[in-house]
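Enquirer: Quick one: structure below, then a few questions.
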Amino acid sequence: MFMFNFDNGHDPNRPSFFEMLNQHQMMPSFKPALKYIFTVLSQRNPKFRYIVNYYDECFYSLLLLLEYHYLKYYEGSFSENFYNLKRIKPRNNNANGDGDTLFSLLKRLVVTPSNAGQGPETYTKSQILKKSFAMIRRNRAAASSSQQAKDDLNTMIQDSDRKESLIYLVLIPYFKGKLDEYYKKESDPLAELGLVSSDNNNNNNDNINDQIQQLEEQIQQQQTIVNGNNNSNNNNKKLKIKFLILIRFLKGSKTLKKLKTIFLKVYPFISAIYEALFFIYQLLYLYEYTNYYTPFFHFQNIQLKRLNHKDIESHRVVISNRRRDRINFVRDWPGSSFFVRLVSILDSILDYSKYILPLSVFIFKSLEWWYSENRISAPTLPIPTPPTPSKRAPGGLEIPRDKRLCPLCLKERTNPTICGSGFVFCYPCIFGYVNEHSKCPITFLPTNTEQLRKIYETV
C-alpha cells in the first residue's frame, strides 16, 4: 500500500495514491449505507421517516459538525484522520516541488509562441512538456534532500482554512448532489413527455392554492377580533400568502422554464468538466507530478501529510485539555454531575466516531446478511395441495368431455378465460354471462367480471 513512497529522494510523509483514494471515497460510501439503515428502521418505526424524507439535509448537517470537530482538533477531516493524515499549509510551493503543476504546465504550452521552433534552440510543445516534467522531479528531489528544512516550511492550518475546508467538504458536495438529483429527475424521458413533471406541478399548484385558501379563511374568521396578538398573526399569515403566491408565479413563469431548459443543456458539460478536473489531478498525483490530490487542495494551497509521533502526542494533549476545560466550564452549573457526564459522553462520541461509524455500518450489514442467510437456509414448508374443484350445481351447465370446448357455446375455446370457480370458457361467452347473471354458469358461485382472468396457452 505504501510502496510508492519507498523510492529514493521521495518524501516519506507523502501519502500514497491508495491512501488518498480510500480517504476520498470513504465518506461518500457512508452516505448510501446510512440511508439504507434509516430506511429499514423507518419501516418499523415511523419516527425515522422524517430523516429518510430529508436525509441529505440531516446527513450534511451532522457531517458539518463532525468535520468541524476533526478540523479543529485533529488538523484534518474525518476520513483523513481515519487514515492518520493531517492538513498542512506550505509556506513556499517551489520548495515543495509544487510550483510546476497542472496550471503552470498548461501556461507553458499555451503561452509558447508560434515561432518556438525557430532560433538556435528549437523546442516543440511536446519537448517543453517533457522538460517541465523533468524539472518537477528535480525540484522534488532537491526539496526532499533535507527533511528538517522541509518541515520548517510547513505550517498548521488556521481558522480561515478550516472554514474554507468546510465549504469544500460539505457545502459543495451537498449542492452538487442536489443538482445531480434535479437533473436526473427533469431529464427523465417520462418528464419530457409530460407524464411526470406536469402531474407533480399540478399537484404542487393545487396544494399551494389550498394553503392560500385556508389562510384567507382563517384571516376572515379573525377579522372581528380586535387584539394585538391576532393582528400580528394576521400579518404573518398575509406574508405567508404573498410568499405562496410568489412561488406559484415562479413555477408558472416562462423565464423559469427557459432557465430550466438552459440548465438541462449546460449542466452535463459543467459536470463533465468538474469530474475531469478531479481525474486529471488524481492522475498527476499518481505519477507524482503534483502534491495536490484534488483541485480544492490546490485552491486552498493545502497538502496532506502522514501523522508522526509528535502529532499524535500533541493531539492527545489538546484533547485532554479540551475535555478538562469543558468539564470545568459546566462544573458550576446546577445539576453539574449530569452535565459533566453529558459532556464526557459527547466528547467520547465525537473522538471515537471514526471507529463507531464504520463499525456500526459493518455490524448492521452483518446482521442483515446473517438473517437473510437464515431465511434462505431455513427448511421450507411443503406446498399446500390445491383445493378440490367445485362441483356442478343442480341446474348448472354440463361439463363437456372434450376439455377444449367451451361449456357455454360448446365450441373450441377462443381467447380462453378462467372463472373464479376454476372452469375455463371463451372470453366473450363468460364475460356476457357473468355481466348479466353475476354467477358461474356451472357452479352458480357468485362472481363478477373483475374476477375473470385470461389464460395464454402455448401451442
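Placed from the backbone N, Cα and C atoms, the Cβ positions cover glycine too.
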Enquirer: Based on Swiss-Prot, do Pro15 and Arg322 face the same side of the membrane?
Expert: yes
Enquirer: I'm validating the feature mapping. Which of 17-44, 101-128, 129-156 is tagged transmembrane segment in Swiss-Prot?
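Expert: Among 17-44, 101-128, 129-156, the range Swiss-Prot annotates as transmembrane segment is 17-44.
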Enquirer: Would you count the other CB atoms within 10 A of the CB of Cys426 (Zn(2+) binding site), including those on all shown protein chains?
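Expert: Other Cβ atoms within 10 Å of Cys426 (Zn(2+) binding site): 20.
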Enquirer: Take the transmembrane segment (48-72) and find every residue of the same chain, 6 or more past its ends, with a Cβ under 8 Å from one of its Cβ atoms.
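Expert: Residues 27, 31, 34-35, 38-39, 41-42, 78, 80-81, 87, 157, 162, 165-166, 169-170, 173-174, 177-178, 350, 353.
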Enquirer: Looking only at Cβ atoms, how many others are within 10 Å of the one on Cys409 (Zn(2+) binding site)?
Expert: 14
Enquirer: State the non-local partners of the transmembrane segment (17-44) in its own chain: residues 6+ outside its ends, Cβ under 8 Å from one of its Cβ atoms.
Expert: 1-2, 4, 51-52, 55, 59, 63, 77-80, 82-83, 85, 173, 282, 285-286, 293-294, 304, 357-358, 361, 364-365, 368
Enquirer: Is Cys426 (Zn(2+) binding site) helix, strand or coil when read with DSSP?
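Expert: Note: Cys426 (Zn(2+) binding site) is in a strand by DSSP.
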